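Participant: Got these off Swiss-Prot a minute ago, pasting:
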BINDING   46, 47, 48, 49, 50, 51, 52, 53, 160, 189, 211  ATP binding site
BINDING   52, 165  Mg(2+) binding site
BINDING   140, 173, 180, 260, 261  deamido-NAD(+) binding site
């Protein structure tokens, strides 16, 4: 088995999908997990205004609505959280996403005071935080906020990780990579677009250039620029298609370099890293 075939198998990516079938699969998955755990009453997700949180958010809201209808329990709810660092440049997109998702509850938490306070505390201790590292602090602070809200609402935190993100390790460890449940896992980037189109989302939500937008020295830097490879190449690779040798090398280098992100903390019994 080639490395490409092994990766595809591990991530469960199909070369072609039926959008309606995958929507139903994700909704049923979210419902089943909540019903299995009687202490859960809510799902929580941070909404950025990008493709992934728009899709995961809408799927979560639909799952919760079906749960309420099927069980007669109106205590189930979906909580969407805006988590800007100060004023978000693409706030209009975030509001467009919320309008599409129609969450039961919508909160806004400005993470800037917490992030800046942490950076200042580190500086007092003699640790100067780089812009890149500060970006990771932002991602982790967002997850702290989501888990705090979940903890007060009998909630589980939804993650937006999908195959195109997983293969490259393009997420912050214990930041946006920290979550309880991943309804998009198995889908690549273009397949996520298919689901959003099927759900009737505004094209602006899935045609905008993807960006993590964590670094202040590189505001709005496109994912594809940061990765050095296009999502089209990543998606083709995940669908078992041939890509250029250069693209294949970059993708497989990301996979190997970020393997630690796809594991729980390493114990003495783990050997994947050797």
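Backbone N, Cα and C atoms are what each Cβ position is placed from, and that goes for glycine too.
Where in this structure would I find these features, and how exposed are they?
Facilitator: Other C-beta atoms found within 10 angstroms of the C-beta of residue 211 (ATP binding site) number 20, with every protein chain shown included. Look at residue 211 (ATP binding site): DSSP puts it in a strand.
For residue 52 (ATP binding site), the same-chain residues that are 6 or more apart in sequence and have a Cβ closer than 8 Å to its Cβ are 160, 162, 165, 184, 192.
Sequence-distant contacts of residue 173 (deamido-NAD(+) binding site), defined as residues of its own chain at least six apart whose C-beta falls under 8 angstroms from its C-beta, comprise 260, 261.
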Participant: Round to the nearest Å and give the CA-to-CA distance linking residue 140 (deamido-NAD(+) binding site) with residue 46 (ATP binding site).
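Facilitator: Pair distance, Cα basis, whole Å: 12 Å.
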Participant: Compare all C-alpha positions of 46, 47, 48, 49, 50, 51, 52, 53, 160, 189, 211, the record's ATP binders, and send over the largest distance in angstrom.
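Facilitator: Greatest Cα-Cα span of the listed binding residues: 19 Å.
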Participant: Hey, does DSSP put residue 52 (ATP binding site) in a helix, a strand, or just coil?
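Facilitator: Its secondary structure by DSSP: helix.
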